[in-house]
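Annotated active site, proton acceptor per Swiss-Prot: Asp13, in sequence order. Look at Swiss-Prot and you will find His41 tagged as active site, proton donor, backed by sequence analysis. Taken from Swiss-Prot, the feature GTP binding site covers 12-18, 40-42, Arg302, 328-330, 410-412. Under the heading IMP binding site, Swiss-Prot lists Asp13, Glu14, Gly15, Lys16, Asn38, Ala39, Gly40, His41, Thr129, Arg143, Asn221, Thr236, Arg300. Positions annotated as substrate binding site by Swiss-Prot, on the basis of sequence analysis: Val296, Thr297, Thr298, Gly299, Arg300, Lys301, Arg302.
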Amino acid sequence: MSVTVVLGAQWGDEGKGKLADILAHESQICCRAQGGNNAGHTIVANGVTYDFHILPSGLVNPGCINVIGSGCVVHVPSFFKELEALEKHGLKTDGRIFISDRAHVVFDVHQMVDGLEEVELAGGFIGTTGKGIGPTYSTKMTRSGLRMCDLFDEKIFEAKLRRIAMGYQKRFGDLLKYDVDDEIARYKDLRGKLAPYVVDQIPLLASAKEKNAKILVEGANALMLDIDYGTYPFVTSSNTGLGGVITGLNLGWRSLREVIGVVKAYTTRVGSGPFPTEQLNEIGEKMQSVGHEVGVTTGRKRRCGWLDLVVVKHSHACNDYTAINLTKLDILDDFDELKVATSYSYNGETLEGFPANPEILAQVEVQYDTLPGWKKPTTGVTNYYDLASQARSYIEYIEKFVGVKVKWIGVGPARDHMITRS
């Protein structure tokens, strides 16, 4: 078995979907290990645009089996809505998408509570997507949540869901406008529809290992949103790095062939939290406009700033990348000069690494190196050496600083707008 992992190296929205799509065409199985439909990316294939949230993008490859792993959380109505949208675009999904019976279920009550918890936080709000991901992982960790396997025992399902609803009702009182009977009734219809998709993931992937299948793992969110190694508390509720891959899927570390970090050529972030290289000026506005930086899941404009190599190096220290996919290089085509963050200082002292304390992170001074822009279009370039020398210098600076080869370079939105270096 040969496993390739594609992970976001920044705060998400790096453009993981394009490389995942390319690699999925070489894979027999494509997996999601963690997260839910709070993730989002777009793939352009054969002139058709597909939006993915909870579903693995390997569905674009008709020969690829797709697995939503045990570490994921699934809102069942959204799962079917996304499937239907893909099928309307001509994708045939029958027999190619499966959900682990150990994955936890996101209910409407989780989504309602998500919003109420943001209100509770007041000025300290996280900027959640409102998809119920955090509350679902919370019930998972308190061992009160429901897994996919629980949905098929009506008595267990009803008792557990009522218990969750009762707990939230005690906490939020009249603020919670939730009808538990309505959701219980809805699953009477969904149960039979869902049954063909739910499987025991462990023998499925064990069989793939015996057959020496090529497996692609598609990371959701990104390392800086990791519950342990990201900018806590402004993070998601799962392990978004390599650790989440190992625990969310029964794939041993010895099966890993390549761990690819996807790095946007500048930095973006959605929601709240410290962002040291953010540009609240014409530079940030230009990146936002030219890069069409609007979230696929939330529709929110992304905050934009210079490439932060302190972030990328921290990400590499956590995930041990074997290669980097640099994306959206073309968005920087019209800049006279480019800055890259190389270190932070706090109270006059240079910091050794990426600070855990968000209060410190919000106050750091950023040290930059300035590199010349190339002022030439890169879109459509297919050979690395056809790029302007300044563009190559930018790429090679990143390689040297992080210590990882940039193997793929995105130079446009289409699937074939990708330079591959040997």
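Glycine is no exception: its Cβ is also placed from the backbone N, Cα and C atoms.
Residues Asp13, Glu14, Gly15, Lys16, Asn38, Ala39, Gly40, His41, Thr129, Arg143, Asn221, Thr236, Arg300 are the ones the record ties to IMP, and the longest Cα gap between any two of them is 34 Å. Lys301 (substrate binding site) carries a strand DSSP state (E or B). Of all the recorded positions given, namely Asn38, His41, Gly299, Lys301, Arg302, those whose Cα is no farther than the 10 Å limit from the Cα of Gly15 (GTP binding site) are His41. Cα proximity to Gly40 (IMP binding site) (within 10 Å) is found for none of the binding-site residues Lys18, Lys301, Arg302, Leu329, Val411. Here the candidates are the recorded positions Asp13, His41, Thr129, Asn221, Arg300. The one whose C-alpha lies nearest to that of Leu329 (GTP binding site) is Asp13. When the binding-site residues Arg300, Leu329, Val411 are compared by the number of other C-beta atoms lying within 10 angstroms of their own C-beta, Arg300 comes out lowest. Note on the binding-site residues Asn38, Thr129: the fewest other CB atoms within 10 A surround the CB of Thr129. Under the DSSP three-state reduction, Asn38 (IMP binding site) is assigned to coil, being neither helix nor strand. Put plainly, the recorded positions Lys18, His41, Lys301, Arg302 were compared by Cβ crowding within 10 Å, and the winner is Lys18.
It is Gly12 that, of the binding-site residues Gly12, Gly15, Gly40, has its Cβ surrounded by the most other Cβ atoms within 10 Å. Local packing around the Cβ, expressed as the count of other Cβ atoms within 10 angstroms, is greatest for Asn221 among the binding-site residues Thr42, Asn221.
Across the structure, His41 (active site, proton donor) and Lys18 (GTP binding site) are spaced 9 Å apart at their Cα atoms. Lys18 (GTP binding site) carries a helical DSSP state (H, G or I).
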